[in-house]
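A.B. asks: What Swiss-Prot records for this protein is below:
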type	residues	note
BINDING	135-194	ATP binding site
BINDING	Gln274, Glu286	Mg(2+) 1 binding site
BINDING	Gln274, Glu286	Mn(2+) 1 binding site
BINDING	Glu286, Asn288	Mg(2+) 2 binding site
BINDING	Glu286, Asn288	Mn(2+) 2 binding site
DOMAIN	108-316	domain 'ATP-grasp'
Amino acid sequence: MRVLLVGGGGREHAIGEALARGGAELYVVSKHKNPGLARISRDYGISKETDVEKVVRFARMWNVDLAFIGPEAPLEAGIVNALEREGIPTVGPTKEAARLETNKAWAREFMERNDIPGRKLFKVFDDVEEMKAWIDEYGKPVVVKPLGLTGGKGVKVVGYQLKDNEEAKEYAEYLIKKDGKVLIEERTDGVEFTFQVFSDGRNVIPMPLVQDYPHAYEGDVGPITGGMGSYSCSNHILPFITKEDWKMALRTLEETIKAMRKEGYPYKGILYGQFMLSREGPVIIEYNARFGDPEAINVLSILEDNLVEIAEGIVKGRVRGAKFQEKATVVKYLAPKGYPENPIRGAEIMVNEEAIKEEGAKIVYASVDENMKLLGSRALAMVGVADTLEEAEKIAEAGIRHVRGPVFYRKDVGTKESIEKRIRTMKELGKEFEPNSC
């Protein structure tokens with residue numbers, strides 16, 4: 001089967017590997033040639049992923065049978081609508097269904113309309129004075145969000161990126177002046193986790209839970225990034241999540257898919273719920289209309305079933321299930337020094353792939369070109385898969401020793417200490433639970 005993959009980051013390298021394992025003849029379109037994808041694809045087109053017409057031209061030229069969309073920006077640009085008009089079934093939501101991610105105010109209003117469990121108190125403002133008065137009256141810490149896509153970097157939280165509600169009002173005023181509107185939400189305290197599912201518009205197939213490390217530096221400090229790494233456990237749940245929490249989070253995603261169908265926007269593709277586990281249970285922080293990056297790398301590294309068959313099930317409305325190995329995974333991203341604010345670009349990195357393989361680790365390429373030159377975003381990810389989290393983390397660390405160049409990474413991703421910190425956070429918030437082993 002000829003499959004078009006749109007996107008050239010680490011997430012897409014992981015998707016491409018899984019499609020190739022499933023027997024796909026792979027064709028890729030992305031804005032730069034990912035060296036990992038270049039090796040496994042039959043042909044490679046260079047284009048902005050949001051240039052819908054150009055992507056469609058490549059798809060027609062290659063006569064593809066199926067398309068799989070990696071990143072969010074082309075979804076917002078209507079790439080699924082355009083490919084399906086050409087008769088090419090596509091894994092990914094339409095422009096209208098992708099609003100769950102691309103329009104945060106629409107997503108919150110959708111949750112409210114449909115009584116989706118796990119939702120937060122929110123308000124959308126286009127008037128500066130009204131916004132300030134509401135924040136003053138509310139009185140508790142808030143979260144300030146731009147309405148559109150920000151790559152995870154535009155959200156600011158009081159007590160973290162913002163000192164207090166006064167600073168929140170200043171940032172919200174800036175966003176109203178820039179974008180015309182702003183989303184204000186209650187702050188929810190707890191620990192974040194990622195729950196990804198496959199959906200054909202009706203059926204919802206859960207994947208293992210993953211936890212991401214969004215901050216740039218060790219100890220969860222520094223600017224928010226696209227994600228510096230992530231881990232998953234062999235039991236497919238996380239140490240601080242109870243079976244009841246898992247069921248509640250899954251119900252939120254199932255109710256979301258059901259309500260999307262009811263509203264006339266059947267959701268076909270991957271839905272990613274970014275949850276905050278609060279003392280009362282899981283609360284949805286935001287939806288993403290595609291795989292997470294890095295979280296895709298964790299789950300696809302242990303997918304036992306054929307991704308091509310799952311993709312066919314999604315587009316034909318008959319996805320039945322997905323089996324995953326009972327293994328732990330650790331993904332550590334290496335990023336250019338200075339990332340995310342002022343990254344080094346153009347410098348070369350040296351990667352000893354043979355030595356990495358001997359360590360039992362796996363490499364996933366992202367923002368590097370075919371000459372291993374840094375392009376400015378996260379460069380590559382090192383993946384460890386093992387029976388225990390401790391072993392998986394050691395494998396990823398061992399692989400990193402064979403990469404040279406002006407890059408940095410978070411040594412604490414997937415470590416026992418960092419996970420114990422998250423368990424402590426939940427206990428300090430008053431949540432009663434017995435931690436799962438990982």
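Yeah, the Cβs are placed from backbone N, Cα and C, and that goes for glycine too.
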A.B. asks: Quick one: pull the CA-CA distance for Gly159 (ATP binding site) versus Glu286 (Mg(2+) 1 binding site), whole Å only.
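C.D. replies: Just about 19 Å between their Cα atoms.
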A.B. asks: Cβ atoms within 10 Å, counted per site: which of Glu167, Glu286 has the most, among these binding-site residues?
C.D. replies: Glu286
A.B. asks: Would you identify which of the binding-site residues Gln274, Asn288 has the most other C-beta atoms lying within 10 angstroms of its C-beta?
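C.D. replies: That would be Asn288, with the most Cβ atoms nearby.
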A.B. asks: Whole-number Å only: compute the distance from the Cα of Leu175 (ATP binding site) to the Cα of Glu286 (Mg(2+) 1 binding site).
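C.D. replies: Cα-Cα distance, Leu175 (ATP binding site) to Glu286 (Mg(2+) 1 binding site): 19 Å.
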A.B. asks: Going by C-alpha positions, which of the binding-site residues (Gln274, Glu286, Asn288) is nearest Val143 (ATP binding site)?
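C.D. replies: Going through Gln274, Glu286, Asn288 one by one, the Cα closest to that of Val143 (ATP binding site) is Glu286.
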A.B. asks: Can you check which residues sit near Leu183 (ATP binding site), meaning Cβ under 8 Å from its Cβ, same chain, 6 or more apart in sequence, and list them in order?
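C.D. replies: Counting only residues 6 or more apart in sequence, the Cβ neighbours of Leu183 (ATP binding site) under 8 Å are Lys104, Ala105, Arg108, Phe122, Lys123, Val124, Val144, Lys145, Pro146, Leu147.
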A.B. asks: Give the distance between the Cα atoms of Ile135 (ATP binding site) and Asn288 (Mg(2+) 2 binding site), rounded to the nearest whole Å.
C.D. replies: 27
A.B. asks: Sort the binding-site residues Gln274, Glu286, Asn288 by C-alpha distance from Val191 (ATP binding site) and give me just the closest.
C.D. replies: Gln274
A.B. asks: Glu286 (Mg(2+) 1 binding site) to Glu167 (ATP binding site): how many Å between their Cα atoms?
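C.D. replies: Rounded to the nearest whole number, the Cα-Cα distance is 22 Å.
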A.B. asks: Provide, as an integer number of angstrom, the distance between the C-alpha atoms of Asn288 (Mg(2+) 2 binding site) and Gln274 (Mg(2+) 1 binding site).
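C.D. replies: Between the alpha carbons of Asn288 (Mg(2+) 2 binding site) and Gln274 (Mg(2+) 1 binding site) there are 7 Å.
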A.B. asks: Do you know the mean pLDDT across the domain 'ATP-grasp' (108-316)?
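C.D. replies: Summarising the domain 'ATP-grasp' (108-316) by its mean pLDDT gives 96.
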